[in-house]
Each structure stands twice: as structure tokens, then as C-alpha cells.
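Swiss-Prot lists 1-19 with the feature signal peptide, giving sequence analysis as the kind of evidence. Feature annotation from Swiss-Prot assigns domain 'Peptidase S1' to 27-254; the stated evidence is sequence analysis. Annotation source Swiss-Prot lists disulfide bond at Cys54-Cys70, Cys177-Cys189, Cys199-Cys230. If you look up Swiss-Prot, you'll see Asn87, Asn102, Asn107, Asn157, Asn185 marked as N-linked glycosylation site.
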Amino acid sequence: MRVVPTLAAASLALGAVAGEHVERQLILGGGEVPIGTKTYATGIRSTADGNAFCAGALVSPTHVLTTAACTGFEPPKFVAVGTHYINGTKDGEQIKVVSAQNHTLNNASSASYDFALLTLEKPSKFSPIKLPNPDDSDIVAGMWTKVMGWGDTSYPNGTRSNELQSVGVEVWNNEDCARLFVVDNSSVCAGGAPGRDACVGDTGASLVKEKGQGDADDILIGLSSWGSGCGDPGIPSVYSRVSTAIEWITSVTKVQQV
């Protein structure tokens, strides 16, 4: 478990919440994602075949969106796109990272605008996930979304999952979340159902709105950022709200949202 050193300011507002503040790195209470689906889900690695230490999402053929926190753990050297597994090279693509760029408004002390873009050495053959509308119309409090990653499947003292996992979590409005955490408009909260959460082992995991039968209609709503404890009843996790970063993403990737 990594205690979040950048959230000291946020901790002042957490008197009502028990537990320590941890980077969101676990898929708790979920199930295995079918092989060959959610291929935009990306593992971030130090070596081509090593364990993913963070997650992200393919948002253009040559760019992966993750959290700024993930660029601070250790330098992202490779991404694994379209793979079902936490490590190895038996499926998907392993592509070298040539540069990493944090959001221009990122504030590590408050985890505000917790975004980073990784530029890849070559284009991925997999389809990028759709980005949300910048007017925030794709997010409605009370809707159900899915978060996916390779983090621990139990808490505490869990072990990493070898296979991509996902779990359904409910979106909160920021007013309710602000009663528990210090959040701004670059964040969105989701979760709160007992034992169903993102937690220890996979910061940057995709929070996705499923609109149709297939992955082509999925929309990237958020990226797993931080929280307090894992799977506690009535306590959500905090995600980076992707709709607030569309202009910056477009400026870096040079790809216009269709």
C-alpha cells in the first residue's frame, strides 16, 4: 500500500472518514473481464514484459491517458495495450513510451487535474476509447459505471490480479462527495457499495460509461486517483474527471473528438 503524500491538505476534511488515504489501486468485489474485450485498457510498465505498476486508457493511436501520480512512481517505459494480463507478452501490444506530460494545471498537493499523457513510439493497432463531452453531459449522479484494472482483489493484505478485472460503481454528485473529501471540479466520485471499489495496486484505472453492447460505445469518464480505505460502506473513491481535460488532451494529441 502506498500512503498518498500529496493529499495532506485534503486530509483536513476527512474527520468523518476512518482509514488512511491510499492511491486507488485495487479492483475489489468485481469479476474478470472477458478476454479480447476492453482492449483500450492499458497497463503501464517499467519493462515490456514486467508487471503493470499503473493503468491508463488508449485515447489516440499514439497516446495513453493516465494520472500524473503514475509518472511520479517510476518512469513509465512501456505500455501494454489490449492485453488481458498484468505482465508478459503473449497477447496485446507492448509499446515503448517516448515521453510523458502532466496536465498544465496539475497540483500534486491537492491531486487536482491528476492527468498525464504518455506518447508512444508507434501507433497501437487497437481502437482508442471515446472521450466524454467537455460539457459534462455524459456524467449523471446516480448512474452506474465500471472501473477496471489489475489491482488487488482483497483488502487488506491482498495480491495483484493476473487478469483484468472490473466492478460496477455508482457516480456521486460533487456536493455529496465534498462532505467527505476535498474535491474540485476536476474530480468525480464513485462507489460506496460495501466491498466494491478501486484501491491498492492500479492507480490510473479507467472509469467507463458503457453505452452499447460493444466496447466501441464505451466512454472514458474518469481515472482512478485516490481515496480513503477500500470498499467501506458509504465511502466513494475519487477519480480524475476526464471531461475537464478535453481541451488539454486535444492540444497534446492533436486529435479532435468526433
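If you go along the chain as it appears here, the first residue is 1 and each next one adds 1.
Any Cβ shown, glycine's included, is placed from N, Cα and C.
Mapped onto three states, the DSSP output places Cys230 (disulfide bond) in coil.
Looking at Asn107 (N-linked glycosylation site) and Cys177 (disulfide bond), their Cα atoms lie 19 Å from each other. It is 22 Å from the Cα atom of Asn102 (N-linked glycosylation site) to that of Cys199 (disulfide bond). It is 12 Å from the Cα atom of Cys199 (disulfide bond) to that of Cys54 (disulfide bond). Least crowded of the glycosylation sites (Asn87, Asn107, Asn185), judged by neighbouring Cβ atoms within 10 Å of its own Cβ: Asn185. Annotation for Cys189 (disulfide bond): same-chain Cβ neighbours under 8 Å, separated by at least 6 residues, are Val171, Trp172, Asn174, Asp176, Cys177, Phe181, Val183, Pro236, Ser237, Val238, Tyr239. A straight line from the CA of Cys230 (disulfide bond) to the CA of Asn185 (N-linked glycosylation site) spans 23 Å.
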